[in-house]
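Asks: Found this in TrEMBL, in case it helps:
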type	residues	note
DOMAIN	B:19-248	domain 'ABC transmembrane type-2'
TRANSMEM	B:21-43	transmembrane segment
TRANSMEM	B:55-82	transmembrane segment
TRANSMEM	B:103-127	transmembrane segment
TRANSMEM	B:133-157	transmembrane segment
TRANSMEM	B:169-188	transmembrane segment
TRANSMEM	B:194-215	transmembrane segment
TRANSMEM	B:227-245	transmembrane segment
Amino acid sequence: MTTTTAFVDRVRRPAHLAVADLFISFFEKTIMAAILSIQNLSKQYDSGFQALKNVNLEIEEGEILALLGPNGAGKTTLISIICGLVNATSGTATVGGFDVVDEFRKARSLIGLVPQEISLEPFQTVTNALHFSRGLFGKGRDPALIEDILKKLSLWDKRDSKVVELSGGMKRRVLIAKALCHEPRVLFLDEPTAGVDVELRKEMWEVVRQLKADGVTIILTTHYIEEAEAIADRIGVIRSGELLLVEDKDLLMRRMGQRQIRIELMQPIDRIPDALASYNLEYSEEDQSLTYSYEANGERTGITALFSDLGKAGLILRDVETRQSSLEDIFVGLVEDK
Amino acid sequence: MNFYAIKSIYSFEMARFFRTLAQSLISPVLSTSLYFIVFGAAIGSRIEEVDGVSYGAFIIPGLIMLSLLTQSISNASFGIYFPKFIGSIYELHTAPVSYVEIVLGYVGAAASKSALIGLVILGTATFFVDFTILHPVAMLAFLLLTSVTFSLFGFIIGIWSKNFEQLQMVPLLVITPLVFLGGSFYSVSMLPPFWQTVTMFNPVVYLISGFRWAFFGTADVNIGLSLTMITVFMLLCLGLIGWTYKTGYKIKS
């Protein structure tokens, strides 16, 4: 909510809500410190490809942020810089107040990364793989914690199996387990459910919700809008290396989302009556219905006036239904708009 | 210093060694035993003593050195290349570890493995040939120094290699010829003068010569020079690794 962009500023806010926003922003700044802070981050690869352009982002502790964007938008590059896999060309990133380059040990010990590709040592047992990961992060063995993680991720039965013997979904769980066994405060999930069946995807979401309940901050990249809609608190939209917006999910949907009313008529009409011209209605001959679009959070939705004018125009209604645009509509609109 | 990380990497690498015991230990021991049977017992019995040492005993330091060099390079290069190949190296680079810990873990394990193989081959040799070691401490020091140095070299090959072909090119095309032409099976003094001069440009000559001195007290080159050469090579490898990680060459984009 602290990050505002020109895009979002376009939407006018009622005065009393603006005051509430100010209060919330003050509350956030005083009480909730950002666990991840990215400033003016840019990346240009040797090939000349500009993967990130001056990205600024603050993430508060305990939230789930979904980074949405088409392939090649810069999502993975952004994560890779924070985690230490790629060097930034300019700009800084801090995790828990520690610079990811100058204080990499402190910063990285707070971070867990679940990569996009399944990259696991095939001949290790699941338990040994977890002990190895914990050790890398400078922590001694903790069998009780490992047991707890394995049970939470439904891997306990597979603890003595070699990684190579597991199914794709199980391997993905092992990746998550490995990222968790040093008890990170920030977890990056890079396309966690790419190529995963629907059932497993829903299970993954449950795992993410559980982690959030445990106080872990989660940043996930995805190009499944449904995923962001289901689990994220905030949505960031990234395209061609630019962070187009970062916004509270519900707020985003309310602000950017269009509502529509579909009005089915008893009798077909030849043309929309002149008295209704100001409503920009669309008429469909096929199902003899009128569609009225309005902004859900607008000061005046115009619904009352519309229905009154419909009556005055002598139109008899058969049915009325409303629908709200999904995050997908918003996303497609944004990406095309820019 | 992240000691747990060093321990994790070291134990993981050693576990792989013991998991593939047939490949990692039995195969070098078997091939060296064959050398002893063919060169030591069969052909060696018809060759005169070299520098006052029976031919069978004379080739022991060279054979151990051959194994040490090839094993150190292949263990260390494979150790770091394989995670790169399968992608699991991401974990190493996102963990709070510096290259010092990575090198200590991987190179330490590779050097331990090859030193172990060297000692096992030495033990095997006692079944075929009678010999005594004149300077056991110096012998052990040389064994360890060589293992560490060439494991460092192998580590560089592993980091720089883009595919398995490149990984095997250096050991196959460079190291094996250098070891065979470095006096493993003969004394440099047995060569014609011109080739003696050429041989002095082969760094492996200094290793084998120094190692042989630790066994029998005789050497082709001065022991001090041998030590200097191996130390210089070790520092060169350390410098290259340091530079590689500092610049991120072939590691980070």
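Using N, Cα and C of the backbone, Cβ positions are placed for all residues, glycine too.
Curation plays no part in TrEMBL annotations; they are all automatic predictions.
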Asks: Any chance the transmembrane segment (B:133-157) and the transmembrane segment (B:21-43) are in contact, meaning at least three CB pairs closer than 8 A with a sequence separation of 6+?
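Replies: When sequence-distant Cβ pairs are counted, the transmembrane segment (B:21-43) does not touch the transmembrane segment (B:133-157), since fewer than 3 lie under 8 Å.
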Asks: Ranking B:21-43, B:103-127, B:169-188, B:227-245 by Cβ pairs under 8 Å to the transmembrane segment (B:55-82), which is first?
Replies: B:103-127
Asks: Can you work out which residues elsewhere in the same chain, 6+ from the ends of the transmembrane segment (B:103-127), have a Cβ less than 8 Å from its Cβ atoms?
Replies: 5-10, 12-14, 17, 24-25, 28-29, 32-33, 36, 60, 63-64, 67-68, 71-72, 75-76, 79-80, 143-144, 147-148, 150-152, 154-155, 241
Asks: Would you mind listing the long-range same-chain contacts of the transmembrane segment (B:194-215), meaning Cβ under 8 Å and 6+ residues beyond its ends?
Replies: 57-58, 60-62, 64-65, 69, 131, 133-136, 138-139, 141-143, 146, 175, 178-179, 181-184, 188, 221, 223, 225-227, 229-230, 233
